[in-house]
Amino acid sequence: MSFGKPQSIQVKFSNDEIQNMLNLSKAAPFPDKAPIDCDTPWKLGIDYQYLKNLKTKFETEWSWETLEKKIAKYDNYLIHYENGADVLDLHYVHVKSSRSDAIPLMLLHGWPGTFFDFHKVIDSLVNPPSAETPAFHVVVPSLPGYFLSTLSRRDGFGPHDIAKLFNGLMTEALGYSKYTAQGGDWGSLILRVMASTYPESVSLSHYNMFVAPVDPNVDPSTYSEVDKRYISKFQEFSKTGNGYYVIQSTKPFTIGIAIASSPFAIITYIGEKIHGWSDPNLVDPQDILDTSALYYLSRSFPTSVMMYNQAGLEFLNLREPGKLLIKNKFGFSAFPFELGGAPRSGIATVGPLAYYKEHTSGGHFAALDVPKEFVEDLREFFGQNWRKSS
């Protein structure tokens, strides 16, 4: 395993690329009504009026210059990586705190997110309001195949390979011999692998999505309302929400190249997921449009869905006992609209669950939905346990 020298970059796309994207969206055919009358707005997929509003906002209000400035606030890098047949370039953001006692922290996104999922929390984590509040050196990589990170061409490149890559980025390339990490969606699976495989480096881990087995020693009648909600949401997802998972697991290039051909297709496909997996009272259309634009402009949609083909069964296998046990303390934040949660007792079977906090709002994209609560949880868990573990 070897890393090249980190190269500082500016994230830029040409005016022609931006204008072409907007022109393609404007030219995309759009029906004058939904295909059938339906009393439940989101039953058929994305709601017709919601999508129409997204399209109008994208074509008349959305600005690349605004998004570019937000990205440019942070130091962006590319680093070359080689490990046997795996050769790729990794994009990441690295923002260091001025505090000498700052805690190294890696933030891991999933699909259909990007590194930009964390833009609302980085500043607060790096520059807390007081000396008594924990500060962090924040590292946010783009998963291989996402945004500017390229994908290894080796068939079978999956979470265990990415875990090795990310642990190497922190310990070898950036010099953090011990660090903390947080993950949701694919980031939660990758972090589970990291925490299980590299406990000498991953001192503490925190999750907002967690797939776990059922604890056979716990009577289901004693489940909390949060536990019951997680079970119900997963059952509902299994019946009506997992169609994307099946096609991306089995025919990723077909769906990937088709959706990538149109910015409006990306907005439609991703918009339905982000809205459906978020707190409906908090989801911001701007986040949907920014995320969609990053996928289209970087041409990364086809490679982003490859993860489902290469590792789709690993998530399902985590419902079996004894999988990816965590050795060091870990924490979980329970957001009510998360679709990948589990009963607290089941999560505790995986390792030393040292932090568990229930919230009344927020969903799958917690750092976008409820950035304040997200930051507070990381400060609490990592702040209370870092010195004890390092």
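Cβ coordinates come from backbone N, Cα and C, glycine included.
Because TrEMBL annotations are produced automatically, they should be read as predictions rather than curated entries.
Taken from TrEMBL as is:
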| type | residues | note |
| --- | --- | --- |
| DOMAIN | 7-118 | domain 'Epoxide hydrolase N-terminal' |
| ACT_SITE | Asp185 | active site, nucleophile |
| ACT_SITE | Tyr308 | active site, proton donor |
| ACT_SITE | His364 | active site, proton acceptor |
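Per DSSP, the domain 'Epoxide hydrolase N-terminal' (7-118) is made up of 39 helix, 27 strand, 46 coil. His364 (active site, proton acceptor) has a Cβ environment of 24 other Cβ atoms inside 10 Å.
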